[in-house]
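The GTP binding site annotation in Swiss-Prot covers 147, 148, 149, 150, 199, 200, 201, 202, 203, 204, 205, 206, 207. The Zn(2+) binding site feature in Swiss-Prot is assigned to 278, 283, 285, 291; the stated evidence is sequence analysis. What Swiss-Prot records for 100-257 is domain 'CP-type G'.
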């Protein structure tokens, strides 16, 4: 049976980005396990490893394949599939990794990011701000999915708290138990779309995906009765096709979400707007005279908790110590794998 890769998100742009040599085939990475990968092709799934050449030329871990990447495969003499090339990425969801400047790629080539947060004991708007920061920087559309609505007794209060930190971001309230809100997810799950599910451990990502699949493919565990939290189940990233023709990427719960690069101006739009009114262009909003942001805090327009969260994320973002040239190089490496790959894409674009 021939697999239709359009249902896995294949586009004409992807096909143009990858030049296949004789005998090579196109595929998309649907699973990653240490140094080998699961790849879906028109002929079905293959297990593959990167070639020595690709590994040697990789300038950083970001240049290695990740779940969601489109790749070219070849077969060696022993019929072992090898990854020869990676297509330029249309979007990259990444987070900072402890003691590493290059960050960790979570998923690539995604259209939408479902930021899942449960409405029970897991509810935390400061954590939501972190997820929004990496989501805005990814190039994909963030959507907030509030799960376990059936367990919530103060929904209106929580919705106001979410709205205060997520202006312009769609928010969906749902419950797998009652079916509430599940229809609102469908517009993002049409043929060719790829949606990544992110969120802390136990918020119900796998349970929600199983409901969308119509069968229990992903392992789940019940809620703990002592603290009303779900148990962490997913241990690796995987891309799964839905009956609707879309693909979803389930990701392990992230206990610590370090910020590598992120668009704080999107997540904290009101603070970014106020900052333009500060007396000094390099105002840190701590003790400088003429600070419009601190003035807003004093009158209650911006909460002190919101400002503290903004400042904390600023401090920990790894690009704080980088100059503009280094930041540009880091983003090129993450999206294209290097300047040479970016040049090839630009040359093809101008020819077209």
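Heads up, the Cβ atoms here are built off N, Cα and C, so glycines get one too.
Straight-line distance linking the Cα atoms of residue 199 (GTP binding site) and residue 283 (Zn(2+) binding site), rounded to a whole number, equals 32 Å. Summary for the binding-site residues 205, 285: the Cβ-based neighbour count within 10 Å is maximal at 205.
For the pair residue 291 (Zn(2+) binding site) and residue 205 (GTP binding site), the Cα-Cα distance reads 41 Å.
Per-residue confidence over the domain 'CP-type G' (100-257) averages 84 (mean pLDDT, predicted model).
A separation of roughly 42 Å, to the nearest angstrom, links the Cα atoms of residue 285 (Zn(2+) binding site) and residue 207 (GTP binding site).
Shown are the binding-site residues 149, 203, 278, 283, 291; the one with the most C-beta atoms within 10 angstroms of its own C-beta is 203.
Residues near residue 147 (GTP binding site) in space but far in sequence (CB under 8 A, at least 6 apart, same chain), listed by position: 116, 117, 118, 119, 174, 175, 176, 203, 204, 208.
A helical conformation is recorded for residue 149 (GTP binding site) in the three-state DSSP classification.
Nearest Cα neighbour of residue 283 (Zn(2+) binding site) among the listed binding-site residues (149, 201, 205, 207): 201.
In the shown protein chains, 21 other C-beta atoms lie within 10 A of the C-beta of residue 207 (GTP binding site).
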